[in-house]
Amino acid sequence: MRVGIPTEIKVQEFRVGITPAGVHALKEAGHTVLVQKGAGLGSMITDEEYVAAGAQMVATAKECWDCDMVVKVKEPLAPEYDLFHEGLILYTYLHLAPEPALTKALLEKKVIGIAYETVQFDNGFLPLLAPMSEVAGRMATQVGAQMLTKIEGGMGLLMGGTAGVQAAHVVILGAGTVGLSAAKVAMGMGARVTILDSNLFRLRQIDDLFGGRIQTLASNAFNIAAATKDADLLVGSVLIPGALTPKLVTEAMVKTMKPGSAIVDVAIDQGGCIEPTAKHGATYHDKPTFKYPVNGGEVVCYSVGNMPGAVARTSTFTLTNATMPYMVDLANKGWKKACQDDKALARGINTYDGKVYFKGVSDALGYELHCTCDILK
């Protein structure tokens, strides 16, 4: 199989879809790997390293997109839609629920869209989303701490406080991988932490893990409103795999926040879980924040849709450690046999032959839902 690795074109996206180790694994299995020149530079991977691993370096993205399978990090953007072709296996984060134009293009070109974020084990674990969720969660607290400084428009709080001065209060919506990672960093910085989730079993796990040092609350409108009002930093980390994120924090709730407090909406790539950030839309690393007016001042809001791209080298190697085994399987067996042999990978199928195969996308965009059982017989 011919596997193409184009350069990511999203604004300030520095990750790349494959490492030299991935190239080597595909090459050893008898496949051809085409990497666009310079694709790895944002992750500090040189063209020479790819060549040494067995890749062919090509000048244009089109040469990569003309392959049997394209491996990326972020969802394709409009300039790439014309490069789709029927039967192409596209293996990347897709986040289709809030992307009607991309979904339409994939269906029209009959692309086999396998989304990292919906590959799922029977127990609900998301093996290809978890690596970047861990990075984004850790970043959320670091970014939030900076936003609370006066020079960034915050109220001038030090996350951990000092002797005799109260620490900042970090409120985290969602106790999944993002939320847990954000909580670990916040606790390490000395903050007071509250985490909300609808899964009481998960909250018990969090309580045990941190020895009761984190306040855990059942996620309901009353508790969310109260916690939001008291938050110095609000982190949105709610996830329904592959579906639009529910807007759990309303504009009215945000209006009760203290002037100079901060919001980080990690869920923005699935539509956002906090109304002001969801309405504003994704921001970019070169201008990551915007101000939202509240009584007597403003809240600093951060809604970058590709947070891990800022720490590209860590993110690229973390992600490809997880994606590589499935990538090699797809190349060795073909997409259909690979998905027949692995139920988790089969759940990653979002589009095939002009049809939608993932419920979250179907529900969000109004397409008829088809069952992978019909194509994986």
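Each residue's number is its place along the chain shown, starting with 1.
Cβ coordinates come from backbone N, Cα and C, glycine included.
Record features, source Swiss-Prot:
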- ARG15, LYS74: substrate binding site (BINDING)
- HIS95: active site, proton donor/acceptor (ACT_SITE)
- SER133, ASP197, ARG202, SER219, VAL238, LEU239, VAL266, ALA267, ILE268, ASP269, VAL304, GLY305, ASN306, MET307: NAD(+) binding site (BINDING)
- ASP269: active site, proton donor/acceptor (ACT_SITE)
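Annotation note: VAL266 (NAD(+) binding site) sits in a helical segment as assigned by DSSP. Taking only the Cα positions, the spacing between SER133 (NAD(+) binding site) and LYS74 (substrate binding site) is 14 angstrom. Neighbour density at the Cβ, taken as the number of other Cβ atoms within 10 Å, is lowest among the binding-site residues ARG15, SER133, VAL266, VAL304, ASN306 for SER133. According to DSSP, VAL304 (NAD(+) binding site) sits within a strand segment. Residues SER133, ASP197, ARG202, SER219, VAL238, LEU239, VAL266, ALA267, ILE268, ASP269, VAL304, GLY305, ASN306, MET307, recorded as binding NAD(+), reach a greatest CA to CA spacing of 27 Å. HIS95 (active site, proton donor/acceptor) and ARG202 (NAD(+) binding site) have their C-alpha atoms 25 Å apart, to the nearest angstrom.
In this structure, the C-alpha atom of LYS74 (substrate binding site) lies 8 angstrom from that of ASN306 (NAD(+) binding site). Sequence-distant neighbours of ARG202 (NAD(+) binding site) (same chain, 6+ residues apart, CB-CB distance under 8 A): ALA175, GLY176. Take the recorded positions LYS74, HIS95: by the count of other Cβ atoms within 10 Å of each Cβ, the lowest one is LYS74.
Counting only residues at least six positions away in the same chain, the Cβ atoms of THR277, ALA278, GLY281, ALA282, SER303, VAL304, GLY305 sit under 8 Å from the Cβ of ILE268 (NAD(+) binding site). Residue density at VAL238 (NAD(+) binding site): 27 other Cβ atoms are found within 10 A of its Cβ, drawing on all protein chains shown.
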